[in-house]
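Input: a single structure, listed below in structure tokens.
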Amino acid sequence: MLGICRGRRKFLAASLTVLFVPAVTWIYLFAGSFEDGKPVSLSPLESQPHSPRYTASSQRDRESLEVRMREVEEENRVLRKQLSLAQGRSPSHHRGNHSKTYSMEEGTGDSESLRAGIVAGNSSECGQQPAVEKCETIHVAIVCAGYNASRDVVTLVKSVLFHRRNPLHFHLIADAIAKQILATLFQTWMVPAVRIDFYDADELKSEVSWIPNKHYSGIYGLMKLVLTKTLPSNLERVIVLDTDITFATDIAELWAVFHKFKGQQVLGLVENQSDWYLGNLWKNHRPWPALGRGYNTGVILLLLDKLRKMKWEQMWRLTAERELMSMLSTSLADQDIFNAVIKQNPFLVYQLPCFWNVQLSDHTRSEQCYRDVSDLKVIHWNSPKKLRVKNKHVEFFRNLYLTFLEYDGNLLRRELFGCPSEADVNSENLQKQLSEPDEDDLCYEFRRERFTVHRTHLYFLHYEYEPASDNTDVTLVAQLSMDRLQMLEAICKHWEDPISLALYLSDAEAQQFLRYAQGSEVLMSRHNVGYHIVYKEGQFYPVNLLRNVAMKHISTPYMFLSDIDFLPMYGLYEYLRKSVTQLDLANTKKALIIPAFETLRYRLSFPKSKAELLSMLDMGTLFTFRYHVWTKGHAPTNFAKWRTATTPYRVEWEADFEPYVVVRKDCPEYDRRFVGFGWNKVAHIMELDAQEYEFTVLPNAYMIHMPHAPSFDITKFRSNKQYRICLKTLKEEFQQDMSRHYGFAALKYLTAENNS
């Protein structure tokens, strides 16, 4: 308290200094500008010697006065700058925007409270406390449905997390798709002092499905009406946000506005910044009833406890039923109904200053809300055109949005010091696991990677696929980084059926991928490709984690474990479905091997049959995969036998065997200790053998590896001795773990390794 008083005394002293110095200066200059009781101009143009009274001495005096005046003005400018900084650091700054008034934006009865806020913010009374306590939890509700909205929510949440200083509790009204995506995202994001609760949007459909709605948000655009019924009964207040919102300030400032509600005010809203509700946008335009310009519901402050007491549910239903008799449907979803209720009950609304919802719609007048960047609090992209909307300041707004769109979300994992938080079991387990490896161990970074939790965004693009009813469907599974993006279109042309891909990208690269995909006719025509973004963290490429993510999120009973550099033969999908049935994969432990070949040519006339492939093999256009570098990796496939085989044949496991296989979706995961280059597939095939999988080579299947520049990890493997030493150490530890897990039968792997 004493510190606050001292701060205010400094603030008052600085204010008096700024006022006092100019006053004394101008008195001094004014007195000095008289000679013999007559005024003398200080203007350089008027001070030319045109009178006998003019002397060299008086000219020097005037020049010195002008120099002194400029010095005083510069001192005054510096003092003003210091004063503005002091205002920015003062506690009153965090109570809301009390220092600015916009009479045209304030609602009835609001100007008094705003003026009171200004007085309170600038008074020297030391007993006043901040409107939002340091560790007070701020509650935010968001309606989210579908794949695209899930991406938008991430950008919104980033902007909120970037500025926040308080614990947050997000209440997400989500459909099954959004829940799966966002639950995984927040679970792997592990942001401290953030709690997430989900509410099933599909269960709420019956509450609003009777309302015809023409808005592009569909039925989900009406669900804000039922928040009083949906959210916990003990929740008193909540900030409700659209998914197309971007914050440019601490959300606690908006939360503090709740303390300014008076009487029966239960809704905090910003006036609509277009002429939509005035009905003059085009001829015969007939909007829903609204108070003046109406209000925009992209940002809402809801006093839930009072709304429940007022029987809000009954209030909005009766209003909607009455208006629908003449309007037939809503045009702006819940916003039309909120405005119709407010038209009948204007006392319900507290009008927020318009900078809390700067609307960038097609007919907006939002530029009247702000004079400079510091006025902006919340930006609302409430046009179907989103970033393509026309606005004279749209470039600035777009850059602000892109800042959060591409911002590294891992940097938002910072702790809120001084605020107690609930114990997070996952976080505690992670810290325990990370503390186990010895930091002095030369392979510490390798061991640490095994426990690193990577932020994961499932189904980054729209996904839609219904598996075949005969239970023979196969999904191609692969992983990639940004430098292999060019392979996607080629793979999609060769494999027209379901694909599950894990992409290892930064936040900025994820947006580059999105733009690339949206600009590709081939990729946009496919809805059966699941793109799962695993965000970058650490120095190694987590190849086996990526494979596990892609494997885990398939909707078919079988999967083809491939790599992004391989193109499968045309028609492989149908051939695999037949083979799955013929070899009874559903009831047996089999791994079907797809023989792998490679070409050194970037432009290849892809063989359309086995006969064509054999011809190219004989001519030296194709080779068996890694025949000159790592023969042992695919030698057990027995390519000599494959050339003449017409029926599937069984092969035995051998050391360093790493074929590409088709297996059931319940097969073991890849071992996460192997990152970067080396032993990642070998270890998996070894475990399949330990679990008594039978390896069967398909006689009429093949895949071809396309050439590319060496990866960063293989370069490190070849050039870094310590990298190779650590890989060998991890390999030995894996073999020991196999022996402990599978017993005597696993000893053959140690023997085979010693003999190889």
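Cβ coordinates are placed from backbone N, Cα and C, and glycine is handled just like the others.
Residues annotated as Mn(2+) 1 binding site in Swiss-Prot: ASP242, ASP244. Residues or ranges marked as Mn(2+) 2 binding site by Swiss-Prot: ASP563, ASP565. The feature compositional bias 'Polar residues' is assigned by Swiss-Prot to 44-58. What Swiss-Prot lists as N-linked glycosylation site is ASN97, ASN122, ASN148, ASN272, and the listing cites sequence analysis. If you look up Swiss-Prot, you'll see 42-63, 81-109 marked as region 'Disordered'. According to Swiss-Prot, the feature region 'Xylosyltransferase activity' maps to 138-413, an assignment based on similarity to another entry. Residues or ranges marked as region 'Glucuronyltransferase activity' by Swiss-Prot: 414-756. Annotation source Swiss-Prot lists topological domain 'Cytoplasmic' at 1-10, citing sequence analysis. The feature topological domain 'Lumenal' is assigned by Swiss-Prot to 32-756, with sequence analysis given as support.
In this view, the densest Cβ surroundings among the binding-site residues ASP242, ASP563, ASP565 belong to ASP242, judged by other Cβ atoms lying within 10 Å. Classification of ASN272 (N-linked glycosylation site) by DSSP places it in coil, neither helical nor stranded. Within the model, the topological domain 'Cytoplasmic' (1-10) carries an average pLDDT of 49. Within 10 Å of the Cβ of ASP244 (Mn(2+) 1 binding site) there are 21 other Cβ atoms, across all protein chains. Annotation note: ASP565 (Mn(2+) 2 binding site) sits in a coil segment as assigned by DSSP. A gap of 27 Å separates the Cα atoms of ASP563 (Mn(2+) 2 binding site) and ASN148 (N-linked glycosylation site). Of the candidate recorded positions, ASN148, ASN272, ASP565, the one lying closest to ASP244 (Mn(2+) 1 binding site) when CA atoms are compared is ASN148.
Note: the Cα of ASN148 (N-linked glycosylation site) and the Cα of ASP565 (Mn(2+) 2 binding site) are spaced 29 Å from each other. Around the Cβ of ASN272 (N-linked glycosylation site), the same chain contributes ALA290, ARG293, GLY294, TYR295, ASN296, GLN359, each under 8 angstroms and 6 or more positions distant in sequence.
The Cβ of ASN148 (N-linked glycosylation site) has 13 other Cβ atoms within 10 Å, all protein chains considered.
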